[in-house]
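A.B. asks: The domain 'RING-type' annotation in TrEMBL covers 10-55. Here TrEMBL flags 138-187, 198-240 as domain 'B box-type'. Residues or ranges marked as coiled coil in TrEMBL: 262-318. Residues or ranges marked as domain 'COS' by TrEMBL: 348-406. The feature domain 'Fibronectin type-III' is assigned by TrEMBL to 416-510. The feature domain 'B30.2/SPRY' is assigned by TrEMBL to 492-676.
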Amino acid sequence: MDAMEEELKCPVCGSLFKEPIILPCSHNVCLACARNIIVQTPEGETPPQNRCSSDYDYLDMDKMSMYSETDSGYGSYTPCLKSPNGVRVFPPALVHRHCSITCPLCHRSVSLEERGLRGFQRNRLLEAIVSRYQQSRAASVKCQLCDRNPVDATVMCEQCDVFYCAPCQQRCHPSRGPLAKHRLLPPAPAQAGTASARRQATCVDHEAENYSMYCVSCQTPVCYQCLEEGKHGKHDVKPLAAMWKQHKCQLSQALNGVSDKAKEAKEFLVQLKNLLQQIQENGVEFEACLVAQCDALIEALTRQRAKLLTKVTKEKESKLKTVKDQITHCTMKLRQTTGMMEFCLEVIKENDPSGFLQISDALIKRVLVSQEQWVRSALEPKVCPEFALTVNTDPLMQSILQLDFTQNKAETSTVPPAPLLQLEKCCMRNNSATLAWRITTVQALPVEGYVLELDDGNSGLYREVYVGKETICTVDGLHFNSSYNARVKAYNSAGVGAYSKVVVLKTSDVAWFTFDPTSAHRDIVLSNENQTVTCNSYDDRVVLGMAAFSKGVHYWELSVDRYDNHPDPAFGVARINTMKDMMLGKDDKAWAMYVDNNRSWFMHNNSHTNRAEGGITKGSTVGILLDLTKHTLTFFINKQQHGPVAFENLEGVFMPAVSLNRNVQVTLITGLEVPKSIM
């Protein structure tokens, strides 16, 4: 049961549920926590996000105020006065009709009735499950802080979620200081809660009556008195036991499907864990092989380096020997020349002419010969200091830098070539692109499929938009006034081939679109090539446009062709899954302005705001400006901005939308320029 513990915790206090109550949104909170999150709303103002919780229709109330003698022309809504934090905490003395409670999970608000929180049903089933869960945890709970031989725990700290025996609690969690505010509970839950949860359930409206029937329309248990008073008299009511068995059967069938998926998920997890081990083993093996290959390259390079170093050493020794021999020879010759010069100087000093003349001829010849020897023997080094050896490592370095993993020849020979985009068949229409391609080679290579990729329209990363066997594809929902880069590649069992050349696709600057008959309610009637719309019903019905916007600034208009009996059509934008059988803006998936012949309101999630004077008649035009750069929605009537900016902080994909009844007919006008002046 530990796996479902998060399901049993209150979203407000974070502890296990105590006396849980069921909110209208089907979420649960503790009764005490519900008291803490009650807020007061200003008198006359309906709580946001759920104004449909009232028994009155606010649209009808506003229409009734037109005939009221006290109507000042500004409607029945009172301006909202908010405290600095937006709301005021509800004091117990105030009446419940001006209070509301907001779900902490889905943030849906609901007004309190006169009975206050007693008007919400108590979730006895959840209370019983929490009790069983506490009992299972406390069955044999040991102290979590005992070092040896843990003893039974006596308390559990609700905040720390730790079980303590008495000595460990006194030593590690004393009830003083910052720990004084922690709540210590006994490990075993009280039995009173279980008994309370198991007793027969009584009706919320008639506490003396037990539940005996189930209202299918309201999806709630009821008693016989509820049926007699008429509140559920015309509803589809069935026996409680029969519906109990039916819903149990439905839940069991749904659980069987989830169980099968969970079993598949477990098997998939085992597969993934085995895959982790295989990847780890193969990675280690591959790394070892790669290291061995690199080591072999390094070893070969080391051997070659040794050979080259040997050649350099021999060249160096040869140069050194030549220079040393030249030094020895030159030194000896210089010594002989110096001795001869000193001897000749001494001969010149003698004053005996006859003696001088006896040897002068011989000395002159010796000096001349010596001079000639110095001239002939080059007074230059026989070797240069530079080494006439060069090693060109550029090709090797380039090979090393280009060293990478390659496919096997058997695989590369069968991988499909790059496809060729057929530009004559490629085209753009509005914000849709159609691309066609073919294989260029004449070889009969097997192709299992193609992958078409587009970037984000802003030169960003590519993403896959189509994977399949077709050679033509249309991509819808692109941004208007944007340029996309597209490419395609082929694949088969051998691998993925190269990409084709990139083609640039330019979408339309403005949006041209019509109404979408596939998204329209069955009472909607379209004509004029799906540009004109009316309805067969007196109730409001919704139709969407063919375009979807998520980026850029877009503007379109609707011309009122027929306007009878002062209806209130709604114009705006919506998600594709908005409700089609009610006025646009009554759910949380539409943002709209509904307008009659005198005034208008903005509406989202059934919240009515910013009533403005001025309406529409036959021949009027209603403009919608969707600015997804600023994330705003603004409305125009007869080319003039109507009211302030209606909605802000719009994110996601939006489609043009209209709701109307049989008293109205409008025609869609698209491809318009954005208005210049906006307040």
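A Cβ is built for glycine as well, from the same backbone N, Cα and C atoms used for every other residue.
I would like each feature placed in context: is it buried or exposed, what are its neighbours, and how far apart are things?
C.D. replies: Look at the domain 'B box-type' (138-187): DSSP puts its residues at 13 helix, 10 strand, 27 coil.
A mean pLDDT of 77 is what the model gives for the domain 'B box-type' (198-240).
Residues in the domain 'COS' (348-406) partition by DSSP class (helix H, G, I; strand E, B; coil) as 34 helix, 0 strand, 25 coil.
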A.B. asks: Should anything in the same chain at least six residues away from the domain 'B box-type' (198-240) have a Cβ under 8 Å from its Cβ atoms, list it; otherwise answer none.
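C.D. replies: Result: 118-121, 124, 128.
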